[in-house]
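Peer 1: Pasting a structure below so you can have a look.
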Amino acid sequence: AGDRIITAINTGASSLSFVGSAFIVLCYCLFKELRKFSFKLVFYLALSDMLCSFFLIVGDPSKGFICYAQGYTTHFFCVASFLWTTTIAFTLHRTVVKHKTDVEDLEAMFHLYVWGTSLVVTVIRSFGNNHSLGPWCWTQTGLKGKAVHFLTFYAPLWGAILYNGFTYFQVIRMLRNARRMAVGMSDRVDQFDNRAELKVLNRWGYYPLILIGSWAFGTINRIHDFIEPGHKIFWLSALDVGTAALMGLFNSIAYGFNSSVRRAIHERLELFPERLYRWLPSFRPKNQQRSEMVSL
């Protein structure tokens, strides 16, 4: 019964992540104005999340090749996902703090770094390939398998978390110092712009917390499994599976569903015939409603 519940949690959370990530991928493919370099990195992140979620949804394979395939593909694309977040942090840091404009030239290096590292750790993982045949084929049994899993996933994961946190801290500090200088040089500062800017800065500070929130319970569960291998805590396993499977949804909301995406969607909605808005007035874009009020 416990395995069935955890399988259901995994399937439900992974489905939400798949839908959220697929939405960002679809927006990138449909809207040409989004195909800038910064959002291209978000597209690669969403693509990795989408594939990671898809292979988590594969289900509950009891044995054989499907279980191994699910374990390796999940490992590969989940590693790729958090590595893409480090390229986004690196790009922002290089642009804002170091004032470099050559980030677009580094795209090939980003691909080599992300896909190459993901492949290497996935291959190393095969040295401890005693996969668990329970509800989640990504986990492993045996001391050797658990150690390899920890070294090939959780060690680089927390390295990425520390790097992202340090990088965003530097970026936010740099922008706040620049803002203080601008305020000191100007007698009048738009209060609304200040609030909007602070909101953006605070949101950047949340990005590293996404990985922490997604994998903190998983890390605790792995450590507990090392200490007491024969004793599983159901609620901890449920939180482990649920929060990890929601990583794609968290990333799609934080990184993908930004003002540029919303603007592109609103522009398309404004092209819809007026008749549709008569039937569905709640779908009318706010900008259009405001303009009509002004005309009245």
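Glycine residues also receive a Cβ, built from the backbone N, Cα and C atoms like all the rest.
Quick paste of what TrEMBL says about this protein:
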DOMAIN    6-259  domain 'G-protein coupled receptors family 2 profile 2'
TRANSMEM  6-29  transmembrane segment
TRANSMEM  41-59  transmembrane segment
TRANSMEM  71-92  transmembrane segment
TRANSMEM  112-128  transmembrane segment
TRANSMEM  148-171  transmembrane segment
TRANSMEM  204-221  transmembrane segment
TRANSMEM  233-257  transmembrane segment
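What's the neighbourhood like for each of these?
Peer 2: Here the transmembrane segment (6-29) has Cβ contacts under 8 Å with residues 35, 39-40, 42-43, 46-47, 49-50, 52-54, 56-57, 59-60, 135-136, 237-238, 241-243, 245-249, 251-253, 255-257, 261, 264-265 of the same chain, all six or more residues outside its ends.
Proximity of distant same-chain residues to the transmembrane segment (41-59), defined by a Cβ-Cβ separation under 8 Å and at least 6 residues beyond the stretch ends, is recorded for 7, 10-11, 14-15, 17-18, 20-22, 24-25, 28, 66, 69-70, 73-74, 77-78, 80-81, 84-85, 87-88, 91, 110, 114, 136, 138, 245, 247-248, 251-252, 255-256.
Beyond the ends of the transmembrane segment (71-92), by six or more residues, the same chain brings 37-38, 41-42, 44-45, 48-49, 51-52, 55-56, 103, 106, 110, 113-115, 117-119, 121-122, 125-126, 129, 131, 137-138, 140, 152-153, 156-157, 160-161, 163-164, 167-168, 171, 204, 207, 210-211, 244, 247-248, 251, 255 to within a C-beta distance below 8 angstroms of the stretch.
Below 8 angstroms of C-beta separation, residues 44, 48, 72, 75-77, 79-80, 83-84, 87, 140, 142, 144-149, 151-153, 156 of the same chain, each at least six residues beyond the ends of the transmembrane segment (112-128), sit close to that stretch.
Beyond its flanks by at least six residues, the transmembrane segment (148-171) meets 75, 78-79, 82-83, 85-86, 89-90, 92-93, 96-97, 117, 121-122, 124-125, 127-128, 139-140, 204-205, 207-208, 211-212, 215, 218-219, 222, 226 of its own chain at Cβ-Cβ distances under 8 Å.
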